[in-house]
There are 2 protein chains.
Amino acid sequence: MKKVVKFGGSSLASAEQFQKVGKIIRSDAARRYVVPSAPGKRFGGDTKVTDMLYGCYRLAEEGKDFRGALENIKARYMEIIEGLSLNLSMDEQFEEIAKNFQNKAGENYAASRGEYLNGIVMAEYLGFEFVDAAEVICFDEDGNFDAEKTDEVMSKRLEGLQQAVIPGFYGAKPDGSVKTFSRGGSDITGSLVAKAVHADLYENWTDVSGFLVTDPRIVKDPATISTITYREMRELSYMGATVLHEDAIFPLRREGIPINVRNTNRPEDPGTMIVESTCNKPKYTITGIGGKKGFASITIEKAMMNSEIGFGRKVLQVFEENGLSFEHTPSGIDTFTVYVHQSEFESKEQQVIAGLHRAVQPDLIELESDLALIAVVGRGMRRTRGTAGRIFSALAHAHVNVKMIDQGSSELNIIIGVENRDFETAIQAIYDIFVTAQI
Amino acid sequence: MKKVVKFGGSSLASAEQFQKVGKIIRSDAARRYVVPSAPGKRFGGDTKVTDMLYGCYRLAEEGKDFRGALENIKARYMEIIEGLSLNLSMDEQFEEIAKNFQNKAGENYAASRGEYLNGIVMAEYLGFEFVDAAEVICFDEDGNFDAEKTDEVMSKRLEGLQQAVIPGFYGAKPDGSVKTFSRGGSDITGSLVAKAVHADLYENWTDVSGFLVTDPRIVKDPATISTITYREMRELSYMGATVLHEDAIFPLRREGIPINVRNTNRPEDPGTMIVESTCNKPKYTITGIGGKKGFASITIEKAMMNSEIGFGRKVLQVFEENGLSFEHTPSGIDTFTVYVHQSEFESKEQQVIAGLHRAVQPDLIELESDLALIAVVGRGMRRTRGTAGRIFSALAHAHVNVKMIDQGSSELNIIIGVENRDFETAIQAIYDIFVTAQI
């Protein structure tokens, strides 16, 4: 049994947090590969080490004195080291960083030092081997990530190691210069390690006990999703939910390695399992509710449009020619509606309308703005009869005017259009009927 | 107050039916313009006069003796004339018809005589002036209907007449040769007369008390629709309901003349009013339920398709290039489904799939066949909250698996996809929740 465990910045902000992490790792011998982030905020108003590094490097680049700023960063690490009673000096590392800052080694290098140093502390604390990510995460000359080479180099390097700490967020180009991932940071490193060592599980430890059924800014204390499929996660993330970045999932999905999102501060919580597929019956009929505001709809009416071959294509071509992507195209009889992002549409409105008139000679074009789309997502909806009935009854009961409904293939997700002002009410109503009512 | 009244063939099949018609017309002095069809069937297994005329003319064309067949037709009229105790001889008319049949005057001419002769009988019976449709319904040299000329000629001809009978179904080309309407027959004549005289109402008298909420072959004795808008009617007719032909409505719709579909055998029934728009609150939330079987769906899955500009257009272009029109394109997140007629799609299936792979490189294409589409139509749905909720709860209760939902702009109509085998159950369930439950 091999587990790769990745810890976010808030899990490693202080010696106290390190101790929680240490306890988690030592409680399970399978937790053999550790991917740390840089120390995050210890309290509200605190500065993340990575941001301190950016600030410090800016001084260096501007030729100003950056020694004081670098000392502050060193103090952050020494506080952790001393708090953990480790016998570890960081003098050598900070001397090298100072030298490289002086030589303008670049922002990528500067930013990466937070993880690098934290990895050294973590390895010392756990008694694991430290493996510099620059050795095992490979970018090409142009700075593009090289997945194949990384997998080869990392597999070989980690093969002989019983336990290792590999800092997240960065790697190196063939000339040895450091390159960071643009987004998803340490999550990507963690998934690459999990892939390389053929892990049985990739644990992603954060400060939340997994993904929530819906946005906590809309619904108070929403329930946690116990199991979510990659597909459901992508659907929810598309509709605005904060989940793992696509790049952090892709390597694992191909290998069928499940991800477990856990809370360092509440290790007793099971968190959320992210899996390729599962016959695990979900706790609630729905897995999650996502949504976004700020859409506009363009409804085209024309008698007998359905028998006009090429009608839909011509309509969509007008949007394409104006550089607009569309979200949904629900249709009735003799009506065809196109949902677009309002912000993108506004400046092109008149060209689009003129284009539609030229292209398909509609009987009528109707515009509506300030619309929101809500996605109700869940593999459980397929096997539960009446999901749509419950959703629309709940919305009616909550006095929400449903502007649009779109459901493609059998109830895997249902898209609902409402007015912006009904957005929160609608999400709360759907949450209540499926989750609150069941608790 | 001017009303144009049109009577169908079954309303004029016998002297007894003529008497009902006479009573209807005499009971309202505004019923000044009468458009009769040819006599229809008197009983199951009977032959319509128009079909007798086709048969008779075929004999003439083949150089066979058609006199006996023509005598049978004459007998039909004489039965009516004698039953009404009219002092009217048809000898002259039948002599002329015999002569023209001999000279091969054409099928159009032959078919038109049913209405022509019935018009003469009706005019005599009512004491109204007979106006031959050949005088007032104008086609051009190529046989295309000339709306402008017809309106001009007919207005002028009817202007001075207090009351008139104008036979349905035919008109004439500039050379005087008879031309019939291809479809909609006497309904078109009736609406043209109503337009020309600027009627306040066009009454279309048939053998049913108006339009039914749904197909009586699916639901036993469905309720009658009291008021339907032109638009709702078009929507229901598109989804398979038998209503007035589009050509019979167009002239009236532009003039804002309402149509009243009535039952000659139950003149006490108010029938169905067809109007451009109405603030008349409908009796039921829904106006009608239509539907058709025999659809197939093609679901295309591709991650992040919504951000690909031109994706939908490329998909629809593949269908267009294969000469396929589509019915609906419901979409979820990362899925785009196209509903097509199964019969048209089957032979092109493989080309379409290959085309889709080339055009958009989908992750997955899923096909499903034997699907039915149901349209729930009604202006009342807009102002009634929870219509969608009621529909989908009713379907869940009836164990119907909803495959697709499509609702464009605010609940004017909702399209529901189900399996063919659930079609009747679904329609019955929707009927029951909105109509039976309310009675």
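Cβ atoms are placed via backbone N, Cα and C, with glycine included.
Curation plays no part in TrEMBL annotations; they are all automatic predictions.
Positions annotated as ATP binding site by TrEMBL: A:Lys6, A:Phe7, A:Gly8, A:Gly9, A:Thr206, A:Asp207, A:Arg217. According to TrEMBL, the feature substrate binding site maps to A:Thr50, A:Glu115. As annotated by TrEMBL, domain 'ACT' applies to A:376-439.
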Maximum Cα-Cα separation (Å), residues A:Lys6, A:Phe7, A:Gly8, A:Gly9, A:Thr206, A:Asp207, A:Arg217 listed as binding ATP: 27
Helix-strand-coil residue split for the domain 'ACT' (A:376-439), DSSP-based: 31 helix, 13 strand, 20 coil
Mean of pLDDT values spanning the domain 'ACT' (A:376-439): 87
Other CB atoms within 10 A, centred on A:Thr50 (substrate binding site): 23
Where A:Phe7 (ATP binding site) sits in the secondary structure, as DSSP reduces it to three classes: strand
Local Cβ density at A:Gly8 (ATP binding site) - other Cβ atoms counted within 10 Å: 21
Rounded Cα-Cα span from A:Thr50 (substrate binding site) to A:Arg217 (ATP binding site), Å: 27
Listed binding-site residues (A:Glu115, A:Asp207), ranked by Cβ neighbours within 10 Å, top entry: A:Glu115
Rounded distance in angstrom between the Cα atoms of A:Lys6 (ATP binding site) and A:Thr50 (substrate binding site): 17
Local backbone state of A:Glu115 (substrate binding site), from DSSP in three classes: helix
Greatest C-beta neighbour count within 10 angstroms, which of the binding-site residues A:Phe7, A:Gly9, A:Thr206, A:Arg217: A:Phe7
A:Asp207 (ATP binding site): secondary structure state under DSSP, collapsed to three categories: coil
Other CB atoms within 10 A, centred on A:Lys6 (ATP binding site): 28
